[in-house]
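In what follows, a single structure is set out as structure tokens and then discussed.
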Amino acid sequence: MTRAGFIALIGEPNAGKSTLLNRMVGAKVSIVTHKVQTTRARIRGVAIEGEAQLVFVDTPGLFKPRRRLDRAMVAAAWGGASDADVVVLLVEANRGITEGVENILEGLGDVTRGRTVALAINKIDRVKSEALLGLAKDLNEKFEFAETFMISAEKGHGVDAMRQWLAGQLPEGPWLYPEDQIADLPMRMIAAEITREKLTLRLHQELPYQLTVETEQWEERKDGSARIDQIIYVMRDGHKGIVLGNKGETIKAVSKAAREELEEFLGRRIHLFLQVKVRPNWLEESERYSEMGLDFKDGNT
Ligand SMILES: Nc1nc2c(ncn2[C@@H]2O[C@H](COP(=O)(O)OP(=O)(O)OP(=O)(O)O)[C@@H](O)[C@H]2O)c(=O)[nH]1
């Protein structure tokens, strides 16, 4: 029986989320650059464990928001946590229960209601084992974690056991990604995210709520350039007009801006082709996946 689901890694900045993710996922899908990982892509990687597919979603660092942008980032982080099937809170062994950790623990129950939440005490290579037990006890008194792991993401201690446990927590069901798509997933996803970002910048409030961008095709060309075909899916005919703009000027501007950024990011020439399509009959599931930046292809388009 296959299993698949989303796992959110949360924790204070510097807790070791990226390091753990790279350990969990391995080399196969960790080609996404750090910049993009932390600012854009919400899906950080896909790991396979036995018959389970683990999709890791990213959340920006959780901290006390001061500026408006910070608040938006924190809201996004909590959004990711509440969408996930399993949430893993990373706490630094050497720092213990900081004010930031307290803040996270306070909000944790509200956003993860009904979801499995595990605790991972990271950087255990930096402290003595006696201290660890005390910390684990204190944290478990503050929140009811389904499981507690003591790990060193950097050295790899405890990571395999944690991945196995996570796999067992995911719902039974088909994999979210076909195996052959996993390898180039990050690039396709980043490309889609870039276009989506340009649409957001251009349309502001006009941006249709339900809008997804999917990279349909990625063709490497002999001259070193690449052709990328993307489809912008909207829910209604009216939305299509908004995205196209008067005489197609919106889509043209978006396409130009996205292409330029892609060229800069990939360091080569890109031919970007955008198409707008109406896809009214989404399954509820597909909405969930597309919110998380996942392509959803099941023939229901
Ligand atoms: N000693 C030790 N250092 C670790 C361990 N895991 C991560 N680190 C270090 O901690 C620092 C932060 O790790 P990251 O993985 O970048 O942390 P992050 O949570 O992704 O940070 P943000 O992107 O700021 O949210 C890096 O210098 C890592 O090398 C560990 O198990 N032991």
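Each residue, glycine too, has its Cβ placed from N, Cα and C.
No curator has checked TrEMBL annotations; they are predicted automatically.
Following the DSSP three-state reduction, the secondary structure of LYS17 (GTP binding site) is helix. Counted within 10 Å of its Cβ, the other Cβ atoms near LYS17 (GTP binding site) come to 27, all protein chains included. Residues or ranges marked as GTP binding site in TrEMBL: 11-18, 58-62, 122-125.
For the domain 'Era-type G' (3-172), the predicted model reports an average pLDDT of 80. The domain 'Era-type G' annotation in TrEMBL covers 3-172.
For 203-280, the entry in TrEMBL reads domain 'KH type-2'.
Per TrEMBL, the feature region 'G1' maps to 11-18.
Residues or ranges marked as region 'G2' in TrEMBL: 37-41.
The region 'G3' annotation in TrEMBL covers 58-61.
Per TrEMBL, region 'G4' is recorded for 122-125. Per DSSP, the region 'G4' (122-125) is made up of 2 helix, 1 strand, 1 coil.
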In sequence order, those binding-site residues of ASN14, LYS17, ILE124 whose CB lies under 6 Å from ligand 1: ASN14, LYS17
DSSP helix/strand/coil residue counts for the domain 'KH type-2' (203-280): 33 helix, 28 strand, 17 coil
